[in-house]
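Down below is the structure, laid out as structure tokens.
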Amino acid sequence: MSTTTLETQTALNGALNIGAETRSSQPGILVTDYNNRQTVGKITVDHPKMICREVNVYYGAKQALKNVGLDIGINEVVAFIGPSGCGKSTFLRCLNRMNDTITGCRVTGQIKLDSDDIYDKSIDVVQLRARIGMVFQKPNPFPKSIYENVAYGPRIHGMVNTKAELDDLVRASLERAGLLKEVATRMEEPGTSLSGGQQQRLCIARAIAVNPEVILMDEPCSALDPIATAKIEELIDELRESYTIVIVTHSMQQAARVSQRTAYFHLGDLIEVGETDQVFTNPKHKLTEDYITGRFG
Amino acid sequence: MPTLQNLRRGGRFRIPGDRAMPFYLFLSLLLFSTGAYYLGRKRAFAVSGGQIRNLHSLPSFYGSYTALWCILPALIVFALWVTLQPGIIVDLVVADLPPELHNLAPDRLNLVVNDLKNLVSGNFVSSTPDPAMLAAADHYRNLRTIGNAALWVVVLTLATLGIAYAWRTISPTFRARNRVEQVVNLFLIASSTIAIFTTLGIILSVAFESILFFQKVPITEFLFGLQWSPQTAMRADQTGSSGAFGSVPLFAGTLLISGIAMLIAVPIGLMSALFLSEYATPKFRAFAKPTLEVLAGIPTVVYGFFAALTVAPFIREIGTAMGLHVASESALAAGLVMGIMIIPFVSSLSDDVINAVPQSMRDGSYALGATKSETITRVLLPAALPGIVGSILLAVSRAIGETMIVVMAAGLSANLTANPLEAVTTVTVQIVTLLTGDQEFDSPKTLAAFALGLMLFVVTLILNIIALHVVRKYREQYE
Amino acid sequence: MNKPTSAASAPAILNRDIKTIVNAGLKRRHAAETRFRWYGLIAVSLGLLFVVLMFGNIISKGYPAFWQTYIQLPIKFDPAVIDPQGSRDPKTLESADYAALVRAGMRQMFPKVEGRLELRALYGLVSSNAALELQSRVLQNPALIGAEQEIWLLASADVDTLVKGNIDRSLDETERPIKDNQVGWVDKLKAAGKIEKQFNTILFSSGDSREPEMAGIRGALMGSFYTLLVTFLLSFPIGVATAVYLEEFAPKNRWTDIIEVNINNLAAVPSIVFGLLGLAVFINFFGLPRSAPLVGGLVLSLMTLPVIIIAGRAALTSVPPSIREAALGMGASKLQMVGHHVLPLAMPGMLTGSIIGMARALGESAPLLMIGMVAFIVDVPKGLMDPATVLPVQVYLWSDLPERAFVERTSAAIMVLLAFMILMNGLAILLRKRFERRW
């Protein structure tokens with residue numbers, strides 16, 4: 001079981017730890033052995049939206065994610081941090097089964113959205129992805145007009161019946177993404193004519209328009225300048241009221257600013273999970289501490 | 001310089017013993033220059049005083065320098081000589097002909113010259129040759145023998161002189177490498193201009209004959225006339241008032257057949273490309289893609305054979321069974337087979353274009369819950385549209401210019417019809433029929449082929465330029 | 001701008017239950033998905049089907065042509081016919097009436113046949129090649145004169161077609177190329193074991209002929225060989241030089257832009273236009289002989305040049321700049337850098353492109369029709385200036401002939417042509433696999 005509590009973790013640590021560093025450099029550090037890859041911290045939440053247990057991901061013969069267990073709570077922002085190649089994006093893409101599009105990728109374990117196992121045969125991936133929206137690292141507006149970009153989701157899912165309804169939906173989504181003011185007069189211009197930050201907000205509006213329950217964000221600000229980044233972060237904070245958000249970021253400051261909980265990944269293992277404040281001010285695993293203090297990353 | 005007409009008429013002549021001569025001379029030249037290379041190298045060693053570092057360039061450059069001096073001037077003279085000699089000899093022989101032959105009109109004179117050449121080569125003689133001609137032929141042979149001997153002497157002397165010059169110039173400070181590189185550079189530049197000269201050659205050759213044609217047949221007649229029957233001979237002094245050179249039916253026929261071909265090729269090619277790039281397993285793709293591309297490698301004459309002997313009779317039988325009248329050289333058969341030929345062309349171009357659409361577009365669509373087909377029809381295709389249009393234009397240009405299939409499977413008579421079951425003819429078919437078989441040169445009939453060629457070139461050129469431009473712009477968009 | 005309305009309506013619209021909405025349309029959408037997938041599969045299958053159809057059609061028509069029917073006749077090398085004076089003079093031996101020996105052999109097989117028409121029909125069973133065969137045997141070995149031998153002689157094309165089962169015996173006699181009495185004789189010969197099918201060496205050893213059973217593709221093969229030789233010798237060095245110049249030396253300016261656009265356009269010019277160019281320039285202007293492989297090679301090399309240049313440039317760009325920098329850093333001149341380092345690395349790619357270009361040139365026929373390589377030529381060409389035709393044009397010429405035996409031979413010629421193309425493309429693939437480098 002990967003739902004190891006803090007107490008058993010410490011016990012395990014004591015039992016397995018032979019010849020490792022025993023002195024803690026900081027009072028909060030519980031695990032000082034770099035080879036101990038058990039998750040530290042509480043992976044469960046009181047009101048989970050998604051529950052993941054024993055998730056393993058393989059690309060061909062290579063294992064990219066090892067035995068990850070984590071809950072994602074309703075209306076909270078969870079940040080995944082960690083050095084590149086640590087599996088944080090891989091895990092994110094498991095949550096809406098985007099890994100299905102990669103040939104040779106295999107996922108085992110259990111991921112539940114509310115009460116539905118999303119890898120169950122009875123779950124339709126089309127419906128799943130409508131319920132779990134995604135925003136990508138690089139803004140990827142379709143080569144269509146701004147309006148058509150936002151209208152794309154509602155159109156394919158048949159969410160609206162009249163043109164007026166669609167207009168309203170598009171405007172409401174843009175409004176919510178904080179983009180309406182900037183594009184109200186240029187709805188017919190191509191989405192690619194916007195600036196990078198606007199494009200990313202357009203992609204968020206596009207995701208919101210389908211009214212998903214969860215929004216996954218894969219380093220949404222890595223291609224943006226600081227001002228655009230600030231706007232997106234502000235938006236994430238607002239969106240938290242209506243959606244559950246999972247964000248992958250390589251910026252620890254961003255994670256600290258926008259998220260309530262933070263999960264630290266390292267080489268395919270989920271090393272530590274906790275309240276964001278706690279993880280950043282008082283990490284419990286030596287690896288986490290090394291990372292957030294900039295010793296590697 | 002030999003005139004156009006007499007060379008056309010004399011096209012078939014050949015001189016047996018003469019043939020191998022330039023080849024052996026060329027071989028000797030190559031041998032000489034190989035020798036020159038070693039001589040030059042040896043010379044470089046000698047002047048360096050045994051210390052290669054004293055030399056400006058590596059000894060092999062001195063060798064190459066000498067070899068170039070040996071072969072290049074000699075080769076230039078050689079080429080000029082071989083081109084000019086026949087004309088000069090003819091002029092000399094003609095000048096010495098008896099006055100009654102010498103003073104003939106140019107047309108007749110050309111005939112005489114041809115007879116002469118045939119006599120010389122011993123090919124055939126129309127009647128018993130008269131003594132004057134026999135004498136002239138002897139004269140011709142003598143001159144040729146002298147000319148060839150002189151050529152050997154001159155070329156080999158030049159080669160030797162070249163070696164001597166290079167030998168004298170070689171010194172330790174002499175920059176042989178730079179000289180050799182200059183020559184190589186020149187060769188590279190000259191090579192790259194050949195493509196330009198080819199285009200110029202195409203334009204000039206078709207345009208020149210086309211202008212001659214338009215002097216005989218008004219250009220408006222050619223462009224807008226609805227009647228095409230070049231076989232009804234017209235007198236040379238007659239202008240094309242009979243309306244026999246209207247190219248509209250030919251272009252209509254070309255469009256009909258190309259249209260049928262595109263109706264086959266575009267859906268099948270495009271859907272294949274989509275299926276192979278979006279749905280097929282890597283294994284199936286690895287098998288199906290090269291197999292489909294086999295279609296592109298099959299020579300067009302094979303398609304023509306298939307169309308004429310298998311598809312056309314088959315369509316005719318089906319048509320007859322359904323109570324339709326189907327011509328045995330129906331546009332449908334030619335178009336169908338041409339379509340098959342173009343499938344891999346459309347599919348591989350579309351494949352490139354579709355693969356150029358970034359994966360992030362697909363991801364964005366899938367992440368919204370779109371199915372594969374929705375992603376393809378609503379995101380991929382609109383994104384790839386310019387590129388696909390470009391490839392279709394290239395395919396159209398190829399269909400229009402395709403020759404063998406229509407020559408073998410389409411008709412000869414120009415019908416202005418849109419019925420695919422009837423026989424139509426195309427521009428390329430007419431070019432081939434006008435220029436093969438018995439030709440009367442300088443008749444409008446033959447020149448018309450060049451006018452058609454000009455039109456064909458212009459139309460395909462415009463299509464290609466637009467298509468290449470569109471495709472390039474499209475690629476840049478995603479780079 | 002009606003911002004208040006949209007802001008007010010936002011929650012209502014945005015708060016719809018996505019799960020049920022999506023569920024409602026799922027069935028229809030998956031059906032559409034399946035349909036689309038099927039369209040794709042059908043398209044690919046159609047394409048593959050065409051490949052199978054073409055090859056199946058050609059092979060099924062062509063493979064019988066690799067066997068040819070022979071008739072065994074008792075031949076008496078009668079000295080009275082061949083060499084009445086007994087001089088054994090080669091000239092006499094050459095001009096003797098060998099056909100008479102064949103006729104005699106036929107009469108010996110069917111002594112009961114009488115009447116001029118009947119006899120002529122009987123003699124018609126054997127190809128006129130039979131006399132030539134006997135002639136060459138006697139010339140090789142004059143000692144044969146006076147001897148009597150059973151000799152396998154080439155049957156006529158009609159007999160061959162009948163034996164291969166391609167003539168419908170139930171047709172009325174007048175609609176058949178071979179008459180009832182002839183069918184009877186053939187059956188008798190067959191029953192006596194005097195008819196047999198042998199491997200068709202004539203197809204590969206002789207030039208074109210009006211008689212199907214004597215027509216071969218050797219002339220066309222040699223024509224193709226000489227034409228391609230010229231094409232390769234011209235287009236490969238020039239193509240490589242152009243690619244090297246454009247990729248390594250040329251300044252990026254308008255002039256090189258023009259050259260580049262021009263090359264791309266040339267690659268898409270219809271082949272027949274190159275034929276017009278060849279006719280106007282090489283034949284009319286420079287006065288080169290019509291039908292000569294030299295002219296064909298010139299025309300085809302102009303056509304192949306863009307292919308080689310484009311492939312050559314791709315090969316050159318795939319050589320990483322670090323190698324160029326390394327060479328220049330060692331003090332090599334630019335030409336040495338290209339000659340010693342870049343070109344050897346790019347050569348496999350260039351060769352691959354050239355072989356593919358040559359394969360295309362091998363299959364090309366339209367431009368060659370323009371320059372007269374479409375004549376009926378019996379002699380096998382012996383040089384670049386001899387009148388010749390090429391394999392695809394031979395296919396074109398034969399495809400026009402009505403005899404069933406020629407249809408068979410056309411398909412056989414196509415099979416040979418395709419075999420060469422597969423061989424060349426296979427070579428290109430092999431080369432690519434063998435030397436492919438990932439940088």
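Keep in mind that glycine also has a Cβ here, set from the backbone N, Cα and C atoms.
Residues or ranges marked as domain 'ABC transmembrane type-1' in TrEMBL: B:251-467.
Look at TrEMBL and you will find B:20-40 (among others) tagged as transmembrane segment.
Within the same chain, residues 22, 25-26, 29-30, 32-34, 36-41, 43-44, 55, 147, 151, 154-156, 158-163, 165-167, 170, 174, 176-177, 179-180, 183 sit at least 6 positions outside the transmembrane segment (B:61-84) and bring their C-beta atoms closer than 8 Å to a C-beta of that stretch. TrEMBL lists B:61-84 (among others) with the feature transmembrane segment.
The feature transmembrane segment is assigned by TrEMBL to B:149-167 (among others). For the transmembrane segment (B:149-167), the residues of the chain that approach it from at least six positions outside its boundaries are 25, 28-29, 32-33, 35-36, 39-40, 43, 65-66, 68-74, 77-78, 81-82, 85, judged by C-beta separation under 8 angstroms.
Marked as transmembrane segment by TrEMBL: B:187-208 (among others).
Outside the transmembrane segment (B:250-274), and at least 6 residues removed from its termini, the chain residues within Cβ reach (under 8 Å) are 228, 288, 292, 331-332, 334-336, 338-348, 350-351, 354, 376, 380, 388, 392, 395-396, 399-400, 406, 410, 414-418, 420, 424-428, 430, 452, 455. Annotation comment: TrEMBL describes B:250-274 (among others) as transmembrane segment.
According to TrEMBL, the transmembrane segment annotation covers B:294-315 (among others). For the transmembrane segment (B:294-315), same-chain residues at least 6 beyond its ends with a Cβ under 8 Å from one of its own Cβ atoms are 326, 328-330, 332-334, 336-338, 340-341, 343-345, 348, 402-409.
The feature transmembrane segment is assigned by TrEMBL to B:335-358 (among others).
Here the transmembrane segment (B:379-400) has long-range neighbours at 254, 257-258, 261-262, 265-266, 269-270, 274, 278, 338, 342, 345-346, 349-350, 352-354, 356-357, 361-362, 364-365, 370, 427, 456, 459-460, 463-464, 466-471, 473-475, 477, meaning same-chain residues at least 6 beyond its ends whose C-beta is under 8 angstroms from one of its own. Per TrEMBL, the feature transmembrane segment maps to B:379-400 (among others).
For B:447-471 (among others), the entry in TrEMBL reads transmembrane segment. Through the fold, the transmembrane segment (B:447-471) approaches residues 202-203, 205-210, 212-214, 216-217, 222, 230, 245, 247, 250-251, 353, 386-387, 389-391, 393-394, 396-397, 400-401, 427-428, 430-431, 434-435 of its own chain, all at least 6 residues removed from its boundaries and within a Cβ separation under 8 Å.
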